[in-house]
Amino acid sequence: MTIRTLDDLLAEEVTGRRVLVRADLNVPLDKQTGQIADDGRIRAVLPTLSALVQAGAKVVVCSHLGRPKGSPNPVFSLRPVAGRLGELLGAPVHFAEDTVGDSARSTVADLADGQVALLENLRFNPGETSKDEAERGAFADQLAALADAYVDDAFGAVHRRHASVYDVPARLPHVAGRLVLREVEVLGTLAGEPDRPYVVVLGGSKVSDKLAVIEALLPKVDRLLVGGGMCFTFLKAQGHEVGSSLLEEEMVETCRSLLERADGKIMLPVDVVAADAFAPDAPHDTVRADGIPSKRVGLDIGPETVAGFAAALRGARTIFWNGPMGVFEMAAFAHGTRGVAEAIATSDAFTVVGGGDSAAAVRALGLDEQAFSHISTGGGASLEYLEGKTLPGIAALES
């Protein structure tokens with residue numbers, strides 16, 4: 001089944017029509033100042049919003065931010081996001097103090113053609129994330145009443161069966177925004193027949209979080225490079241000592257089985273940066289990955305591993321990267337992530353960064369985002385797509 005697109009909606013004339021755009025404005029906030037720490041997700045929705053503004057639509061944007069547990073919490077207000085969105089659009093964004101209440105209704109009613117409103121955090125209402133279909137549906141009814149058409153441009157949320165993602169499209173003419181369409185095209189290529197050699201780089205802390213995607217990708221890839229905290233469970237499965245490094249004991253046997261079935265495709269670190277403690281200023285040095293001293297904790301892949309991973313990436317035609325190679329938030333343990341990211345960025349391959357912490361690392365390390373073919377805005381969503389799962393938000397757009 002095909003998905004109707006933003007261009008299909010624009011062709012129908014949207015001047016003066018109220019268009020509800022589900023965006024993913026779930027940006028990280030600085031814990032001290034409350035300011036936006038990374039506006040990448042706001043920038044990602046600009047092509048869709050700009051097209052609607054230029055077409056004269058009355059644009060109503062909605063999003064979640066954080067996990068406020070179904071009631072208003074000023075810590076998770078979208079007000080700062082409205083300010084930044086207005087700066088990026090070059091025009092004021094009208095902010096509604098609630099999501100479907102009096103403020104939302106009056107703010108939307110007052111919009112002129114080509115103006116933009118942002119509703120308060122969707123998750124301030126328990127109906128957004130409710131598992132009760134009636135409660136979720138009632139909230140979806142209220143949201144849908146604010147608009148004449150619906151655009152989903154929140155790829156980072158399409159794996160959630162939430163009211164604004166799954167239920168609202170059933171109540172309004174619905175299309176995919178520019179971002180969602182691009183994500184589906186790119187991930188469809190990776191899930192289908194990508195150009196070979198196809199090399200996947202996986203990091204992050206837990207094997208259990210990536211097990212399903214490893215199972216799905218192993219038959220398709222030529223090499224699978226494993227770094228980050230998850231590598232220590234694989235090293236343990238090979239019989240090596242991992243000191244006090246992160247270890248999922250219950251996953252050791254699973255990793256052993258994966259290594260046996262992988263037939264040499266899985267490449268693990270040969271050296272790691274081990275520290276005396278999990279702290280930015282902890283004493284640390286590089287040790288062999290097959291014998292991490294007891295009471296020491298591996299916090300990054302070592303330089304020999306970076307060189308080996310870079311060599312494995314050199315001849316690739318397609319590269320997918322998800323998850324940092326170490327604790328990149330601490331400068332002493334960011335070298336592995338930087339080295340691998342730079343190897344991917346300088347590759348001639350079709351390169352996809354799989355959202356979440358990987359996308360954050362690209363920006364935090366000051367790397368050129370344009371050097372990558374695509375940086376996904378959906379961490380969990382991109383992995384679930386590659387696992388072959390049905391994503392509720394995509395299914396809703398297809399219906």
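Just so you know, glycine gets a Cβ as well, placed from its N, Cα and C.
Going by what Swiss-Prot states, the substrate site holds ASP24, LEU25, ASN26, ARG41, HIS64, LEU65, GLY66, ARG67, ARG123, and the candidate of ARG160, ARG161, ARG171 recorded there is ARG160.
A separation of roughly 27 Å, to the nearest angstrom, links the Cα atoms of LYS210 (ATP binding site) and ARG123 (substrate binding site). Looking only at other Cβ atoms within 10 Å, the busiest spot among the binding-site residues ASN26, SER358 turns out to be SER358. For the binding-site residues GLY66, GLY298, GLY356, the largest tally of other C-beta atoms within 10 A is found at GLY298. DSSP assigns GLY298 (ATP binding site) to a strand segment in the three-state reduction. Across the fold, the C-alpha of GLY298 (ATP binding site) and the C-alpha of GLY66 (substrate binding site) stand 30 Å from each other. The highest number of surrounding Cβ atoms within 10 Å, among the binding-site residues GLU329, ASP357, is found at ASP357.
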